[in-house]
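Notes follow once the structure below has been shown.
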Amino acid sequence: MKIGIIGGGSVGLLCAYYLSLYHDVTVVTRRQEQAAAIQSEGIRLYKGGEEFRADCSADTSINSDFDLLVVTVKQHQLQSVFSSLERIGKTNILFLQNGMGHIHDLKDWHVGHSIYVGIVEHGAVRKSDTAVDHTGLGAIKWSAFDDAEPDRLNILFQHNHSDFPIYYETDWYRLLTGKLIVNACINPLTALLQVKNGELLTTPAYLAFMKLVFQEACRILKLENEEKAWERVQAVCGQTKENRSSMLVDVIGGRQTEADAIIGYLLKEASLQGLDAVHLEFLYGSIKALERNTNKVF
């Protein structure tokens, strides 16, 4: 099967490596230099102290000559991708973004494509234009959005590497909100406080603030089992206690964060429902202020 991976970041390179073991994969990049490097060198993956390599094609333009397109760019980069996707023929498109900001866009995006959404539970760090470090084994989980047919992707994903499992979930909202609640509790606080994930559990004041954020987000998302969700947030914090969240890494690196995708979605939903979200509003404003002052690390 022919699969196009849109985005040459950590998730894009990770997906491209593993999917290329079973499919004809092309990475669609923004920069010609990266496309040329992937075309000539392939993709290198580092895992458990070993290096692996896979051949892969690359290009800088999107076309409809694919059985599946996997969109891995960050949410704030999606608008240019949407406009490109509107110009190609009908195909299957899987969106793998942090947060849920793109959901509002997808609901208003009236195209003939079959749309799917998913989450990435792997840890990955891009080392170069052609290399990715697989830092944590997890899974890709996906679901059909609106009236898309799940069988189309189930056929595509029937063969996968054991270190890169791909699972179908029946309820896209439950799938995405399950990860969103974790990201909303951990990412903004660690970025604001400049701490590793584990400190949110070991510092009482941080834990108390995280619980307030959790309760506010739960009310907005109307989560069914808050106790189980809170246990999940704490478990992820503990399992990744030595990690710096992606939002903290972006703040330190002077890059735009995914605050709009994570907190922005919750604030928009709160507004639509007429709910107060004072803690999330504070976090959102604080992170956006940090983005404007990227030369300052507190």
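Placement of Cβ uses the backbone N, Cα and C atoms for every residue, glycine included.
Record check: Swiss-Prot places GLY7, GLY8, GLY9, SER10, VAL11, GLY12, ASN98, GLU258 at the NADP(+) site, and the matching candidate among ALA124, ALA229, ALA289 is ALA124. Site annotation (Swiss-Prot, ligand substrate) includes ASN98, ASN183, ASN187, SER246; from ASN92, ASN197, the additional listed residue is ASN197. Among the residues GLY7, GLY8, GLY9, SER10, VAL11, GLY12, ASN98, ALA124, GLU258 said to bind NADP(+), no two Cα atoms are farther apart than 17 Å. Applying an 8 A CB threshold to same-chain residues 6+ apart, the list for VAL11 (NADP(+) binding site) reads THR72, LEU96, VAL120, HIS122, ALA124.
Here is what falls inside 10 Å of the CA of GLU258 (NADP(+) binding site) among the recorded positions LYS179, ASN187, ASN197, SER246: ASN187, SER246.
Here the Cα atom of ASN197 (substrate binding site) is found 22 Å from that of GLY9 (NADP(+) binding site).
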